[in-house]
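Per Swiss-Prot, compositional bias 'Basic and acidic residues' is recorded for 1-20, 28-37. The annotation domain 'RRM 1' is assigned in Swiss-Prot to 130-208. Annotation comment: Swiss-Prot describes 227-305 as domain 'RRM 2'. What Swiss-Prot lists as domain 'RRM 3' is 537-627. What Swiss-Prot records for Ser13, Ser30 is phosphoserine, and it gives experimental evidence as the kind of evidence. Under the heading region 'Disordered', Swiss-Prot lists 1-41.
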Amino acid sequence: MGSNDRASRSPRSDDQREISDMPATKRTRSDSGKSTDSKIPYLSQPLYDLKQTGDVKFGPGTRSALLGLLGGALPKLSSEQHDLVSKAKKYAMEQSIKMVLMKQTLAHQQQQLATQRTQVQRQQALALMCRVYVGSISFELKEDTIRVAFTPFGPIKSINMSWDPITQKHKGFAFVEYEIPEGAQLALEQMNGALMGGRNIKVGRPSNMPQAQQVIDEVQEEAKSFNRIYVASIHPDLSEEDIKSVFEAFGPILYCKLAQGTSLHTHKGYGFIEYANKQAMDEAIASMNLFDLGGQLLRVGRSITPPNALACPTTNSTMPTAAAVAAAAATAKIQALDAVASNAVLGLSQNTPVMAAGAVVTKVGAMPVVSAATSAAALHPALAQAAPALLPPGIFQAPTPVAPSLLGVPAGLQPLQAVVPTLPPPALLATPTLPMTVGGVGVGLVPTVATLAGAEASKGAAAAAALSAAANNAAVTAANLSENIKKAHEKQQEELQKKLMDEGDVQTLQQQENMSIKGQSARQLVMQRLMRPVDSRVIILRNMVGPEDVDETLQEEIQEECSKFGTVSRVIIFNEKQTENEDDDEAEIIVKIFVEFSAGAEAMRGKEALDGRFFGGRRVVAELYDQGIFDQGDLSG
């Protein structure tokens, strides 16, 4: 009985002994149908939160070119290295913000200068549009007669009549300046050829009008987009409602505004009306011009200036400092993200690795990749002593496996002194004059490993590892290059500001005479002065006539005389007042006559023929005039 029991139990004990000798994984699979208590249970889900307890060993997988791109096999950073990475990121972002802020400031200043220049030209053009020339005036007429005849078209600002102290009479012409350009335009249209004092007067634009003709054309073209009419000679007792009730019979009116007078309930006798369509505007002009309203004949014409054309330019508003810095930071961040995406795509689009004897060398675009030995040296100072020099950009070298040593010195190697890298980080030498941004973190001092745009989880790890490895190597050269980079930044900013100021200057003849050559533009300016001048097609005639001899037939006579030497394109008669005060009536006036031919040879023949000739008892002085200055509308030479 007892022997049979022992015999029956012995096979079971052998089975248990065999099961105990099996591995845990096999034991679990063999008893899959039973509930067993295994020491290592089956993992149904992958583990994401893993803690590193040992050192990272570099195996054959480190030879892959995608290792650096995908952020694999990266060492764990110490707290000190994390601080260095944070400082590098902060410094790089500050430099990027400074550069973007400087560019924004220069662009804003350039825009302000262009706006000011445009406003000045516009104001000068509008001032010329307010003036008309009145010639062939009878010597019996006085200034009061001229004022009464031209007042119905708009308020007159000033009347400048030439006066001869010898004969005690005026010289037969005058300049009438209105407060608004529409008054001068109506006077030009309706008073030219009118009979005054037994003579038909001549009304036209001043002779210096062509130099601003381009801006004037732009203003008039802009005014055509508005269906506005100008109404003058309005009775003082009529109000805006009265004028609107009369003119709204031609069509719907958008607004009706009379110019405010000296008091609250008075007006200056003119106003503007804007219709909803062009047809109503044309009908109002045709029907209401010279219409008797309240005992005064209305003067109605189309407006030649847009609304608020005479308004003073607003002061240039500057962006608040906080807003400018925030905008610069946002711009720098976007540029960094764009760099991450472009570098990642560039790295993946390159060829496959090429095997070489002794080492594996891989071309990875133009991005510097940190070697594994350098990354290991960041964690182990002992390994940093034997770390190789940084390779040129785009070269990746596989490390030699090193057995760990308890003493901190690799086995099989003699203790060596610290080796200084023979090549500085490529980013420090590639662009020394600009803040350097690397990858997607905006670091401007050291290169980083580019990552895929979609691999958000590996961005931070890859950038941090590359920064920590290269930060130690960059410390050697950063001290020497920091001063050079600072000087380069200052030099570039100075050049940009100087170029901006040079573009904003409007050089007249007087400024060109007092010009001094300095700075980097000296060579260019000297070469420009030594270049062969362009053949001029313009001659200037001085001392040909006096201000009293200028009339409506003078231009035709000069053009007919100069036609003997070639084809005359145009003749400009310019009255230059020898004072800066435009309202000074006693200032001396010099008449300059500019004649433009179709060819330079014709201008030379005209200059040689007319120079020294006598015209009306005066000795004419004929000279060639600079073509470039003439094309710019500068007649002050």
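Here the Cβ of each residue, glycine as well, is placed from N, Cα and C on the backbone.
In the domain 'RRM 3' (537-627), helix, strand and coil residues by DSSP number 24 helix, 33 strand, 34 coil. The average pLDDT the prediction assigns to the domain 'RRM 1' (130-208) is 91.
Secondary structure of the domain 'RRM 2' (227-305) per DSSP (helix as H, G, I; strand as E, B; remaining residues coil): 22 helix, 30 strand, 27 coil.
Within the domain 'RRM 1' (130-208), the DSSP-based counts of helix, strand and coil residues read 22 helix, 31 strand, 26 coil.
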